[in-house]
Amino acid sequence: MLISYLKIAWRNLLKQKVFALVNLVGMGAALCAVLLLSLTAYKEWSFDRFHEKRNHIYQIVNEKVQNGNTSTMVTNSVAEPLAAAVKAEIPGVKHTSYITGFNLPVRVGANVYYLHTQFANRDFFNMFSFPLVKGIGDEALRELNQVVITEATAAKLFSKATDAVGKSIEINVRGQWQPYIVGGIAENIPQNSSIRFDLVARVESDPYYNEVKGKWDVSTNPLLVELEPGVSQASFEKQLNALKPRYYAKAIQEGMTDFTFKTISLNDFRLDEHSYFFGGVNKYYPWLMVILSALIISIACINFINLSVARSLGRSAEIGLRKSLGAFNGQVFLQFWMESFLLCVLALVLGSILAVFILPFYNRQFSQHIQWEMLQDVKVIAGIIIIFFLITLLAGGFPAWKISRQHILTMLKGKMNINKGNYVRNSLIVVQFVVAVILFSCTAIIWQQLNYIRNKPLGYEVNTIASIPLDNATPAVLDNMKQRLSQFPDVKSVSAGMNNFGIGSDGNSGNWIIGFSFHGQMLTTKFQRVDYNYAGTMGMQMVEGRDFSKEFGTDSSAILINETMAKQLRVKEPLGTMIDLGPQGNLKVVGVIRDYHFESLRRKIDPLIIGLAKPNDLGYLFVNVRTSNPTATLDKIARLWKEVNPLAENSPTYLNDNMRRMYEDEHRFSNMLLSGAGLAIIITCMGLFAVTVLATAQRKKEISIRKVLGASVSSIVTLLTRDFLVLVLIAIVIAAPLSWYFMQKWLQHFEFHVSVPWWIFIVVGAIAILIAVVTISLQSIKAALSNPVKSLNRE
Amino acid sequence: MIQLQNITKYYPVGLGRNFILKDIDLTINEGEFVSIMGPSGSGKSTLLHIMGLLEEPSEGQYLFEGERVDKMNEKKRTQLHRGSIGFVFQAYHLIDELTVYENIETPLLYKNVSASERKSRVADVLDRFNIVAKKDLFPNQLSGGQQQLVGIARAIVAEPRVILADEPTGNLHSDQAKSIMELFKELNEKDKITIVQVTHSDVNATYGNRIIQLRDGHIRS
Ligand SMILES: Nc1ncnc2c1ncn2[C@@H]1O[C@H](COP(=O)(O)OP(=O)(O)OP(=O)(O)O)[C@@H](O)[C@H]1O
Ligand SMILES: [Mg+2]
């Protein structure tokens, strides 16, 4: 029986090539998109699932409320003694480990490598499922000078990787070479791990660690804890916060911002933006990808349904006959579903082939790392099969169900009436266009927002300033570099700061928040330290006062503030005001800078205080250049930097590149959406084309009679086009408010954003109508031009 | 074999009813060859459809081989279609996408007949109707008479007890019609298959051993 069904299905496909092709190509492209998008989403969600204790491991974070207003701020680092306190005083804490990652130079003999180094505690390997191939668990980190490296790193550093254990290496920690010994070798880190390292060293071996040891008033490192299986996250958080008054009261009194402890589960490390290991992907994006694939596949399914129903009209006699020969409804259903299934399988094959071909392009375009190895996962395969089955059931099942329930006699007489007034078909077409229009207008608005971001003046120059990540260059190297740069004809001026602008080649961004009391009010502020001549170099405007300058010699006790801070001080004359910043000292305001966007446009401008840095504090060198060839100049600076600091890992970048990197997520997403929207439109139009082919075929006789009666070609084209255009118009009316709503929500992520322009819907609507008209006309003009006698004679 | 008692069929029209068949009492015995005649619109096809369980009577009782079938459920009815009742239609109704062989095989597939037996039964029928040479052709490659031959072959391959034929020769030339009628006669006499046919032709009607005249929904014998 099944063979017979398949035979019929196959012959039917060959007979109706247009429909087979539309379905095959549409469904194939949609399945390809779904495959790639859902693998992307799955990949995000599958992060860190390989850790056996993933349900018991948490990162402790601090949630700070800012300046009495409603916005909160989450910071990662906690005070050093907290680990011991937590372990001693909260029952059910099994292990704790600090963790901080740096890219550090590592020396083996005369060779220097840059390795991604995590400083952690001995418990690290007890907590996480990073199996050791050499060495046993925490024994590998028993001594302070022991490190664990990955297999890949071992292969890179040593000629014989297996002999690495016991070998000596040196790590450049905070500018000094320190000797270490390899204590163990770990398996390479799985692709889907948030925690990444080439090397793990003991956090206690960081010279800086001794400075903060035992201090409750400085927060330096993120802390991870593993709880006993029975202990819940909520109860742990509660007990954690109960510790706070005892240990932090003094620090808070002295100016530390008050906060609440929160915990983030290992399961959320990747997608929670507050986690130390946040992967940079907004946690809603995987969901959006799933939604996007659902939309695309539903458009393809709608084509499938409309075409199957229309096609089956011509087969009503066959169905009636089969029933009279003794076919159950179920068997008829099965037959028609099988036909769809066959087509879907072909589409899946096509889609998979397509996916294989565009995968490299997809990965590059959207900065993804999808690999087909993911398909070795039984769960993924099972998921794909189940979803595929559901799709065939949706696409083929509905028409098959409709067909199989028809009464035998009406079928035999060829009077099948599945689509009364074409309501089902028309509503489905409306749905398709709603989706297409929504995708299109959302893309247009996202694109506008990104454009706005690109062009918005930030309050400093972005095109002429190069930023050099200092990695761990020593102050001497820094001085040398400044010296050399000043001899450069292209260089206008040079300064430096603790924080970068945007995201540079090192991928870091961070900030420092401090609280202080001023005239009886508690204030919080972002705090930065910078070098002399900062505002001038960055092209910032002074509202009043002056920049840091060597000429005064007293600037180590001076600060700059931004306008927002000045407003919060609520003093008549901010200049000369003394601010007691506790551990940072009692400092005098010497300048007020016009507000500038030191953080992303997603945030509003926070209060900011800028102090003068000691050379050790500086993280980035800023070079303002005057050049007609920015690329060449940047190359020259890069070469100079490499010469001055051979250990440099990250290269200089212009701030405008850094800005772009900061919004990369949005860029990637808008590109994805744009591709999705394009695909949706194409599939919708293919469906619309095929449906018009069928509809005009059904009305052939009517058209011929009208022509014989003297109707003009244009009036017939109008007649055929009008019905469908109404559908498109309805779709636009439905889609516009929905897109407006979605985009309003999305724009909320940005403190600074465009307002949704009303005309965008008119433009998108006009484009949709234009595309629809062209598609329909392809067929209807042909029908209108055809010789009426021919089709009348055939009747 | 077929017992119709007070069979009435009507369609609602406005507030009233449009009667197609009224109080039909009719018994057809096993082995009979009955021809139903009457003017167009008199309800011949409707009567045949009711006999073939393609349509339900509005009122009355229908016993097929002594069993009430007028209010039978879908499943049992389908079983009768598989085993006991064969149809021959005026418009041939072959499946265009299947070859002659496959068309004839289809009822056996629904009956779950084993592959080897299917093969031998289809071969027998092809042989008997002299269409072995055509077995791999598609319906649109056959003449009308040949198509109807295949239609009949398909009707008898499942070895039904009754064949219901609605104007089986309506679309054929008189020569072709004659050979079809002779085939029916042979099936009736040799294979003891009960045959009920609807026909407009007096000549064709004489092949049967009983003629039923239908007029305005009533039988005039
Ligand atoms: N679904 C229906 N609704 C209303 N009336 C119907 C329906 N089907 C059939 N009829 C009516 O029933 C009557 C009998 O139809 P039927 O097909 O049985 O006639 P017939 O005797 O086979 O005619 P012909 O010789 O032309 O085939 C006709 O008048 C027809 O209009
Ligand atoms: Mg009739």
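Note that Cβ sites are derived from N, Cα and C of the backbone, with glycine treated the same way.
As the structure is a computational prediction, the values presented were derived from the model and not from experiment.
As given in TrEMBL:
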- A:23-242: domain 'MacB-like periplasmic core' (DOMAIN)
- A:291-407: domain 'ABC3 transporter permease C-terminal' (DOMAIN)
- A:449-596: domain 'MacB-like periplasmic core' (DOMAIN)
- A:677-785: domain 'ABC3 transporter permease C-terminal' (DOMAIN)
- A:21-42: transmembrane segment (TRANSMEM)
- A:284-305: transmembrane segment (TRANSMEM)
- A:341-361: transmembrane segment (TRANSMEM)
- A:381-401: transmembrane segment (TRANSMEM)
- A:422-447: transmembrane segment (TRANSMEM)
- A:672-697: transmembrane segment (TRANSMEM)
- A:724-743: transmembrane segment (TRANSMEM)
- A:758-778: transmembrane segment (TRANSMEM)
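Note on the domain 'MacB-like periplasmic core' (A:23-242): mean pLDDT across this stretch is 88. Tertiary proximity for the transmembrane segment (A:672-697) is limited to same-chain residues at least six positions away from its ends with a CB under 8 Å from its CB atoms, namely 18-19, 22, 25-26, 29-30, 33, 37, 289, 292, 295-296, 299-300, 302-303, 306-307, 310-311, 366, 425, 429, 432-433, 435-436, 439-440, 442-443, 446-447, 703, 720, 723-724, 768, 771-772, 775-776, 778-780, 783. By the Cβ criterion (under 8 Å, sequence separation of 6 or more), the transmembrane segment (A:284-305) is in contact with the transmembrane segment (A:381-401), since 3+ such pairs are found. Beyond its flanks by at least six residues, the transmembrane segment (A:21-42) meets 286-287, 289-290, 292-293, 296-297, 299-300, 303-304, 307, 343-344, 346-352, 354-355, 358-359, 362, 366, 368, 370, 374, 380, 383-384, 387-388, 391, 395, 672, 675-676, 679, 682-683, 686-687, 689-690 of its own chain at Cβ-Cβ distances under 8 Å.
Here the domain 'ABC3 transporter permease C-terminal' (A:677-785) has, by DSSP, the following mix of helix, strand and coil residues: 93 helix, 0 strand, 16 coil. Spatially, the transmembrane segment (A:758-778) is not adjacent to the transmembrane segment (A:341-361); fewer than three Cβ-Cβ distances between them are under 8 Å for residues at least 6 apart in sequence. Residue counts for the domain 'MacB-like periplasmic core' (A:449-596) under DSSP, helix first, then strand, then coil, are 40 helix, 49 strand, 59 coil.
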